[in-house]
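Inspection log for the structure reproduced underneath, given as structure tokens.
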Amino acid sequence: MVEKIKNLSNKSLEYLFLTTLLLFPISIALRNILLGLLLIFYLFNKIINKDFSLPKTFLNKYILLFFVFSLLSFINTNNIQASLDTLLSPIFRYIAFFIMAYEIINNKKIARYIKILISGGFLVLIIGHYIDYFTKGSFFYRNNEFGATAAMLIIFFVSILLSYDNKLFKGISFFGLILSINAIVISYSRGATLGLLAAIFVMVFIYIWIKFSLVNKKIAVILIVSFISLFLILTPFILPDRLIDRFKNTNFNYNTNPRLLMWRTTLEMIKKHPVFGAGLGTFNSHFLYNVDNVFEGAKLSAVNRKHEKPHNLYLFIASEQGIPSLIIYLLMLYLSFKLAILNFIKDFSHKGNFLSLTLLGFLTQVFIHSFVDTSVLYGQIGLYVIIFLIFNAKFNKERSCK
């Protein structure tokens, strides 16, 4: 009887995880429900199996340190409730998902996970385009969050086309790529577009260099130079005029540009609380105080006064959690980049190339986009990165054991 309950619990946890992989990009509410159920089933499974150990990963100590400094930021907070809310989501949500997914994911089933992720990508693209073109609502249209989602899907599909050894997947991905490109174009998201261009550039650069330098370095150099030239020449012509106008439409007035005022606020917060930060979830209160009482001549519309985050992830972390938290985050980012590049260099199989290229693209997109937004805090963006980070960690571990 006990064994039947254990088997049922294990299968239920796996099916719930697969459902999460399929549906997590679609909406915040659905994603939170699935993650909540996944946590409940995961804990129940731990209790039933009497296994209370946590998976050992290369990021464990950094995750622990980041969480500790997140707690220490409560020392300076002016809003306990806001700090608790931010601690639970996104920080605890990401940590919990990383631990659960690392334990659930089976390296032998990665091909199955990829099929589900492709299906989930198409599902969100179909739903988004239906809403944008056949209803009065908007999904991708003028939406930075889903513009970032489209960028991640483009990277995913490009990586399949470049390196995945499956003709059916490549054919499907080609159509997914077309839909994703249209989605990011109608989103008019400057940050997502910049991050995407950087990601595609890095992915193709590394792919050409590694693949062709083994045969002939001169050919590799010629191809790279040609690619860079075409990339620089064609980009302005490929991007639609309306999106280019978004890049031109930049207000650099020191007292009226919301982003400049937000960044000035984060610098003030860092000056006052460099070690533990001003407290999780407190940016908006400091922002409004500075606009009303500190920055002379500052003027903002009612809409721009509602910003909860400063459109720069690095300043956001340092201002609310302290400079040590930012250093820890950057170390985790560096180790993740290192893992992706190591997998690509050390393994020339289609599987290794695909997993490492996708992670490299995701990390590059997030790294660049984070200078002008906090896109990694969008739930679906963070989960995409975590999922492929785990794929690569598992693949690297398997390769090292051979």
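Every residue gets a Cβ built from N, Cα and C, even glycine.
Listed in TrEMBL for this protein:
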TRANSMEM  15-45  transmembrane segment
TRANSMEM  57-75  transmembrane segment
TRANSMEM  87-105  transmembrane segment
TRANSMEM  112-131  transmembrane segment
TRANSMEM  146-164  transmembrane segment
TRANSMEM  171-188  transmembrane segment
DOMAIN    176-330  domain 'O-antigen ligase-related'
TRANSMEM  194-212  transmembrane segment
TRANSMEM  219-239  transmembrane segment
TRANSMEM  326-345  transmembrane segment
TRANSMEM  352-371  transmembrane segment
TRANSMEM  377-395  transmembrane segment
Exercise. Under 8 Å, at least 3 Cβ pairs, sequence separation 6 or more: does that hold for the transmembrane segment (194-212) versus the transmembrane segment (352-371)?
Worked result: yes
For this session: Find the average pLDDT over the domain 'O-antigen ligase-related' (176-330) in the predicted model and report it.
Result: 79
Exercise. Should the transmembrane segment (57-75) and the transmembrane segment (326-345) be scored as in contact, given a threshold of at least 3 Cβ pairs under 8 Å and pairs 6 or more apart?
Worked result: yes
Problem set entry | Selected stretch (most C-beta pairs under 8 A with the transmembrane segment (377-395)) from 15-45, 87-105, 146-164, 171-188 | 87-105
Problem set entry | the transmembrane segment (352-371) vs the transmembrane segment (171-188): 3 or more CB pairs under 8 Å | no
For this session: Grab the same-chain neighbours of the transmembrane segment (15-45) for me: Cβ-Cβ under 8 Å, and only residues 6 or more beyond its ends, written as numbers and ranges.
Result: 9, 89, 93, 96-97, 100-101, 103-104, 112-113, 116-117, 119-121, 123-124, 127, 149, 379-380, 383-384, 387
